[in-house]
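Sequence annotations record features per position, and here TrEMBL assigns region 'Disordered' to 1-30, 98-131. If you look up TrEMBL, you'll see 52-75, 222-245 marked as transmembrane segment. Residues or ranges marked as domain 'HAMP' in TrEMBL: 246-308. As annotated by TrEMBL, domain 'Histidine kinase' applies to 323-562.
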Amino acid sequence: MTGSTAPTAPEARGPGRDQGPTRADRSGPRLADLRRRVSPGALPRWTLRRRLVALVVTLVAVVAVAMGTVTTLALRASLVGQLDDRIQAAHGRAVMEAGPDRTVGGGIGDGTDGEEDVLRRAPGPGGVDLPGQGPGTVHVVAEPGADPAAVSALYYTDDGESHVLSESATATLLALPTDDTVRSVHLDGAGAYRALATLSPGGDVVVTAMPTDAVTATLTPYVAMVVVVALLAVLAAAAVGLVLVRRELRPLTRVAATAARVARLPLDRGEVVLADRVPAADTDTATEVGQVGAALNRLLGHVEGALAARHASESQVRQFVADASHELRTPLASIRGYAELVRRLPDDLPPEALVAMGRVESESRRMTGLVEDMLLLARLDAGRPLDTEPVDVVELAVDAVADAHAAGPDHRWSLDLSGLTGPAAGGPATGGPDTGADLDLDAAGALVVGDDHRLRQVLANLLSNARLHTPPGTAVTVRVAHDGPDVRLDVADDGPGIPADLRSRLFERFVRGDASRNRASGSTGLGLSIAHAVVTAHGGTLAVTPTAGGGTTFTVRLPAAVAGAGPDVRRPVPLGA
């Protein structure tokens, strides 16, 4: 049976619709590129103060340019209107002079024999001659369609005398429409003019023109003055705007400073007191900044209340755990003691009872360890002070590697001191049954100040974690090195590693590894939590990272002790079991 399928989108649109990309398809990449270019993240990351000042300066600049343009155009229109009025008056006198009896085109003379000046002196011109005209005023009188070369065209210079206009300029003027409208023309070699052409009562073409030099001479300094004033206005707006914006945003700066101080507080542990608040002067709800300040104060109040409730709850839980752990120690010790006592009488009990007593003893021992761990965590959470004495991390590492080899001979244990600064710093020393070399700890020491017993517990927990959660044959390396002001201790293995989702919560309490970190030992899930708490109590850090090439690396950083502090606790210790 043949099945049918629905038409694709182009087919469903009808014939002729799939002949190529639509306009939207073609413009899509361009629009996407434009959006990327104008997206907020692509714009310069200016502060609010800079943006406000830039906005004010831009607004003042736009207003100054608009006002300058409008006033310049208005002044030019006024000047041109005045010039046109003078042209109209002069043109009226020229029309009256060019009456029906006026001889047109006579008296030009022989010319200037090839002289190419646009304005040239005539040897006694005829035509319209109106003494008293302004400098540069031009009068042309001609019959309609007359040859410009035979036309009397006069202009007046600064001395008030009339002169003959050049042939090309005369032709330009005679080409104007005789519609009683003043127009702008450009005369070759003479520049810009305003001209008026009409017909006289006798039917002659009468043209009057005046130069626009006076208009230009007035507008040029005015435009320069407008530009200077606009620049000064922009600079003044920038200076005044910067001062005003800075003053107006000062409350917002204080609000941000309050938030920054609160953000630097350690809010994740212990009792937190949020004493910082936005000043009352910056919490006026009549202003936008005051609304932000008031809202921040309310938020800080709610957060402080929530943190206080959390601290009270945690304190109750810690106290309960500490009390319960303390109270459980005695009954657990009794259970284990009675179980040991019963097992010492094998003749009075059947084999099954002896096995059961053995299980009771082992489980009570494990339960005792769990109680001790919980009691230790409760003490660390309560912030109880630890013992402080100079402790040599190299000595701790040597002892821990030796103990780990004895507890897990199926693993390969090694100690690497190559990162230490000193004459004893060399390659890795492998701890094994045949190793009995002594390390000169006086030359290869790494002193810290802390609790020797607790730091040994940290190393023991890390090595126990590597032994219990990696398969036999895994290589585990303990490295001690100086790292700036710290002493760094690495416990690295080449085992199966820890999943990334588990690493982020590895130091939480009662967290166990999944199948990739085999859990056949029945661990309580508190070992790494205790190690992290002890290191933190010493002012250090404990981190976990993947080992290059596979595996896991735990890195402990502790502040190095000041040289010469406390008694010398270093001594030669044999490496290995």
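Glycine is treated like the rest: Cβ placed from N, Cα and C.
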Close approaches to the transmembrane segment (52-75) from elsewhere in its chain (Cβ under 8 angstroms; 6 or more beyond its ends):
46, 218-219, 222-223, 226-227, 229-230, 233-234, 237-238, 241-242, 245, 249
Within the domain 'HAMP' (246-308), how many residues are helix, strand or coil going by DSSP?
42 helix, 0 strand, 21 coil
PLDDT averaged over the residues of the domain 'HAMP' (246-308):
87
